[in-house]
């Protein structure tokens, strides 16, 4: 059964041309179905260099590119986001925080719609702070929750507060968990992910430029988060889940933890260790894509 992208915007039908400004793409200048019509998997992450590394990795895993092949940035006309493609896989950077990923997702969802893509799975791969987990553990998100542990994304639109659901696809999370068991290379859990508006005070750190609470208060808050089911903290998952839900797209969030926040605030692992950690979500999602395409 074909599952097409659903756009919650009747105004787009009246537009002669849709300019995806932050991608430097437009329906009047680019043939979206020809460029992107075969896309089935979209992987998004904060860093442009990480998403370029991912497309090279997945190309090798799927046998779709020669070693050392350079993949051009489809969004080379802008420095806001980077986009790479190989076969049915699109890899896109989203920057840091809810505003940045929100802008990217509006244009990405429209891109997939204009390209007439169907049965698309979107997965955010990234890094996070863990709670009660060993560094290097991978968390597959069940629900994204806000800083008060509620599974919702709150946004002010036309002066009114709008609340949207942040549930993610339960079956997709189970499939990813099964893939982790099959590759059996690192600890993986399914848990809630807390999405915050800030890296420092919003996540209860003691090492920012401003901090008006003590360590005891911080630990109490993080333990309350853990008791509510939260296993990691990042800054994009809530709007990601909300927008994918509204667009009828299967979505998942897969993040590695760089530290256990119950034991400290600063990321002190060596560069080489952090690079290996960051490859773990790529390996898991890469295996999932290979399995989905019958290449395992």
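For all residues, glycine too, the Cβ spot is worked out from N, Cα and C.
Here the structure is a predicted model, which means the values were calculated and not measured.
What TrEMBL annotates here:
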- 80, 124, 125, 126, 127: phosphate binding site (BINDING)
- 203, 205: substrate binding site (BINDING)
- 40-289: domain 'Nucleoside phosphorylase' (DOMAIN)
Looking only at C-alpha atoms, tell me how far residue 126 (phosphate binding site) is from residue 203 (substrate binding site), rounded to the nearest Å.
17
Tell me the Cβ neighbour count for residue 205 (substrate binding site), meaning other Cβ atoms within 10 Å of its Cβ, over all protein chains shown.
17
Given a separation of at least six residues and a C-beta threshold under 8 Å, show me what packs close to residue 80 (phosphate binding site) in the same chain.
22, 23, 95, 103
Rounded to the nearest angstrom, how far is the Cα of residue 203 (substrate binding site) from the Cα of residue 124 (phosphate binding site)?
20
Would you mind listing, in sequence order, the residues at least six apart from residue 127 (phosphate binding site) in the same chain with a Cβ closer than 8 Å to its Cβ?
46, 234, 255, 256, 257, 258, 277, 278
If you measure every Cα to Cα distance among 80, 124, 125, 126, 127, the residues said to bind phosphate, what is the biggest one in Å?
20
Among all the protein chains here, how many other CB atoms are within 10 A of the CB of residue 124 (phosphate binding site)?
29
